[in-house]
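Presented below is the structure to which this report refers.
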Amino acid sequence: MFTVYHFVWLAISAAVIAGALAFLQRRRPPLKSVLSVCCVLCVLSELVKDLSVIKMVPSADGSMLLPYMEMQHLPFHLCSIQILLIFFVRFARPGKARTTVLAFMYPTALIGAALALAMPSIFSSSIEVSQAFTHPLAYQFFLYHSMLVVLGAYIPLCGEVELRPKHYFSTLGILGALAMASLYLNSMFAAATYEDGELISVEYATNFFFTYKPPLPIPLTSVGQWLAYLAVICLLAAVLVGLCYLPVLRRAKKEAEAAS
């Protein structure tokens, strides 16, 4: 993170995002068409990721090799969950549920993917920095998250999604529910060590939604520090989502003033 290779990838991602948004603004394709392209790209992205991280590991008796994907690659990060949401909104009928999901995807895909580009976890958990342009996982990571930024930005620009102030609160509610679920998932996938029935230590293989520890090397040494960290995450999420919904809130205020 924050190496020359990282900055080169950031420049490439910025160029891809700018070019794609310029094309979309000029052509104004229907959102369904954009989602169709995203569905195809999601499938290709997951295939590249899975084939890049699957390892052949000896079985317990050593008689054969079995394919194994390490738990941190499971699709439970916020950006990975967007794949299911993309397919849902592409094939779901127009209605409240579809609009609510699109309203959730707008800030979470836009900001979540942008933060992932700024702080790529692959360089600390999956590949070496020196493999930034030789390992397919690097291409998958940066191009997939660039696609999410473009999609998140296009949701309000396409003019097909009626965003309302209530969606700010529904977005925070969905985000909070997913973050709560991540606490269970992170504990479920943790490797705990017991002695005489007493928990001695734990080693986490996953950090979904970063509720286990900060993405930066900041050690947490007490429950109080961890709770303070979670409070900071919640506040940051509320502020960042609020910034995305600021134009929506202002428009609603003007409409209310005009109506009165």
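The first residue you see is number 1, and the count goes up from there.
Cβ atoms here come from the backbone N, Cα and C positions, even for glycine.
Here the structure is a predicted model, which means the values were calculated and not measured.
Sequence annotations record features per position, and here TrEMBL assigns transmembrane segment to 6-24 (among others).
Positions annotated as transmembrane segment by TrEMBL: 33-54 (among others).
Marked as transmembrane segment by TrEMBL: 74-92 (among others). Counting same-chain residues at least six beyond the ends of the transmembrane segment (74-92), those with a Cβ under 8 angstroms from any Cβ of the stretch are 32, 35-36, 38-39, 42, 46, 98, 101-102, 104-105, 108-109, 112-113, 116, 144-145, 148, 151, 178, 182, 185, 189, 206, 208-209.
Panel annotation: around the transmembrane segment (104-125), residues 1, 3, 6, 9-10, 13, 72, 78-79, 82, 85-86, 89, 132, 137-138, 141-142, 145-146, 148-149, 151-153, 155-156, 161, 163, 167, 170-171, 174-175, 207, 215-216, 240-241, 244-245 of the same chain, lying at least six beyond its termini, place a Cβ under 8 Å from a Cβ of the stretch. What TrEMBL lists as transmembrane segment is 104-125 (among others).
Annotation source TrEMBL lists transmembrane segment at 137-155 (among others).
The transmembrane segment annotation in TrEMBL covers 167-185 (among others).
Sequence annotations record features per position, and here TrEMBL assigns transmembrane segment to 226-246 (among others). Sequence-distant neighbours of the transmembrane segment (226-246) (same chain, 6+ residues past either end, Cβ-Cβ under 8 Å): 106-108, 110-111, 163, 165, 167-168, 171-172, 175-176, 179, 210-211, 214, 218, 220.
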The transmembrane segment (137-155) in contact with the transmembrane segment (167-185), cutoff 8 A, at least 3 CB pairs, sep 6+: no
Long-range neighbours of the transmembrane segment (6-24), counting only residues six or more past its ends (CB under 8 A): 34, 117-118, 120, 123, 129, 132-133, 138, 142-143, 145-147, 149-150, 153-154, 157
Long-range environment of the transmembrane segment (33-54) - Cβ separation under 8 angstroms, sequence gap at least 6: 24, 67-70, 73, 75, 83, 86-87, 89-90, 126, 135-137, 139-140, 143-144, 147, 151, 154, 158
